[in-house]
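For reference, the structure discussed in these notes is given below.
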Amino acid sequence: MESSTGGDGTDAPTADPELASTMGFTGFGKKARTFDLEAMFEQTRRTAVERSRKVLEAREKEEELQKERELRRQHEDNESIPSGSSLTKHPSISASSDTESSGSEDSSDEELIGPPLPPQTTHIQSEDTDELIGPPLPPGYQNSDDDDDDDDDDEIQDEINPVKKIPDSHEITLQHGSKTVSALGLDPSGARLVTGGFDYDVKFWDFAGMDASLQAFRSLQPCDCHQIKSLQYSSTGDVILVVSGNSQAKVLDRDGFLVMECVKGDQYIVDMANTKGHTAMLNTGCWHPKIKEEFLTCSNDGTVRTWDVDNDKKHKSVFKPRTLQGKKVIPTTCTYSRDGKLIAAGCQDGSIQIWDRNMSVHTKFHCRQAHDPGTDTSCVTFSYDGTVLASRGGDDTLKLWDIRQFKKPLFSASNLPTFFSMTDCCFSPDDKLLVTGTSVKKGGGNGRLVFFERQTFHKVYEIDVTSASVVRCLWHPKLNQIMVGTGNGLAKVYYDPNKSQRGAKLCVVKNKRKTRQAETLTQDYIITPHALPMFREPRQRSTRKQLEKDRLDPLKSHKPEPPVAGPGRGGRVGTHGGTLSSYIVKNIALDKTDDSNPREAILRHAKEAEDNPYWVAPAYSKTQPKTVFAEVESEDEETKNEPEWKKRKI
């Protein structure tokens, strides 16, 4: 490469023109330029400081010019005032005038210098009195500030009194069936509701697709003849966990098709940790709040198991609750904490046991006498802040626990009868209320939905739902609507048009679809294609051509057989000949062939068979041995058959 001497005495390499033309751009081959970053930063800082200084100087000059103009204006006003005029001072602008005159050296007193101000004509409200100064206000006028103050007061009142947030002004009733609705599930977005009951049915309800008739768009029996015990959508809402009375939980998609079925364990293995799945009836189940593929189930085999949707061959982990003596105890309910790190289970001995999700051996929190022994704890649920646990016991109580001090309950409410092993409780979306249902016997009154305040645990509100037990309750945080499952096959939805969002509000405003008249007319009739005029064969006008065609057709021109007169001939039995056996007997009697001597009848064909063998001899022609000793054997046979007196004579 050629080099040229620069102006500073250093040699700078130049690019080779041939190489540059070959590579396609002119700068190829030159030495890369180096930059001094510190020098660049210093230069940038100096430029910024210089610009800031110039801006500040310009602002100071503008302020000085403004002050000079104000002074000149005041001086001109002073010169134009007559000597004998009286001066007045207006209170509303005295403060501003004082501030303006503070900069001048000439105005030292507080009185204004200038002509008297005109009388006020604008609407001004006095500070000392409530009287309005000015023209009267138009009718119906309301101050916006007052409205804002009223709204703020209402919001503060709502925060103080959480009962006003309960959405119970309106309700709709969904008819699931005639038996108890034992399971409710609502997807996270609040678009679909799924109900299950003791009639083995699972029904899907779409709020956006329903009209005022409130009909389910799908009904199925995913677990055959097993009662549905629990239904829950996953955290993403794409699959549903179905827990029934058998030992295998199922996962369905949003449309009810099977995605996964848990494996059944071996009931002959003593240690339940060595089996792949549950071996006895399930009690309940729930999804992990953070991990969308993981769910939890508990069973009468004495285990609580976690599962993965992608692996239906075996569980992920096993938790085995134990009594104080170390014996097996049946968990009747289970749940995850809000962050998914803890697993809680209520057991038949009245205890509540909590494990760390990653440590399945020892419990992290344990309360031995949470409820009466021998009663089924039907529900345990965590609050939204994750510090409080609520339990619904089979001993007709509802208790609130602080898991950090798990020996004694914070609060307890009694006289809440329950007859079902799946009666649950739930927290309100703002964590200030706790809700549960009560059970009643037939004809014993109405089932109620009872609301307790979390801080004091006083019963603050209750709703008479229906003349049957209230089994399930669910308060959706996004919709702010309460779903209730009852013992007479109803699923009720409580909502408030002002406080609730979407959900039931979408379907109640739609009118019932009218059945079309055309559909009612054609519903009971089935029209075959050949009955329509377009498919009919055209009728011929001339019969002579049709007769000629029929004459050529062998089937149509076949002469019908005459009626049988006699015992029957040609395979046809006479109508007056009686039975088939009598006909055969008559034919045997009429047969004239004489077979009285069977030997002669056989020998009649002997010569023909010898001359032209057809049946027996050709079959043995290749396999039959040659008759070498045939004559000798025949002689021996003759001597054997001779009488004894001939043999002696010989």
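Cβ coordinates come from backbone N, Cα and C, glycine included.
Sequence annotations record features per position, and here TrEMBL assigns region 'Disordered' to 1-25 (among others).
The compositional bias 'Basic and acidic residues' annotation in TrEMBL covers 43-78 (among others).
Annotation comment: TrEMBL describes 43-167 (among others) as region 'Disordered'.
Among the features that TrEMBL reports, compositional bias 'Polar residues' is placed at 80-91.
The compositional bias 'Low complexity' feature in TrEMBL is assigned to 92-105.
Annotated compositional bias 'Acidic residues' per TrEMBL: 144-158, in sequence order.
Summarising the annotation, TrEMBL assigns repeat 'WD' to 174-206 (among others). Note on the repeat 'WD' (174-206): residues 214, 216-233, 235-237, 240, 242-243, 254-256, 420, 422, 469, 471-474, 476, 478-479, 481, 483, 485-493, 501-503 of its chain, located 6 or more positions outside it, place their CB under 8 angstroms from a CB of the stretch.
Residues annotated as repeat 'WD' in TrEMBL: 275-317 (among others). In the predicted model, residues of the repeat 'WD' (275-317) average a pLDDT of 93.
With helix defined as DSSP H, G or I and strand as E or B, the repeat 'WD' (324-356) counts 0 helix, 18 strand, 15 coil. The repeat 'WD' annotation in TrEMBL covers 324-356 (among others).
Among the features that TrEMBL reports, repeat 'WD' is placed at 380-404 (among others). Within its own chain, the repeat 'WD' (380-404) has Cβ neighbours under 8 Å at 333-339, 342, 344-346, 350, 352, 354, 365, 367, 370-372, 410-418, 421, 423-427, 429, 431, 434, 436, 452, 454, 457, counting only residues six or more beyond its boundaries.
The compositional bias 'Basic and acidic residues' feature in TrEMBL is assigned to 536-561 (among others).
Feature annotation from TrEMBL assigns region 'Disordered' to 536-576 (among others).
What TrEMBL records for 567-576 is compositional bias 'Gly residues'.
Annotated region 'Disordered' per TrEMBL: 631-650 (among others), in sequence order.
Here TrEMBL flags 640-650 (among others) as compositional bias 'Basic and acidic residues'.
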Point to revise | Tally of residues which DSSP labels helix, strand or coil - the repeat 'WD' (380-404) | key: 0 helix, 13 strand, 12 coil
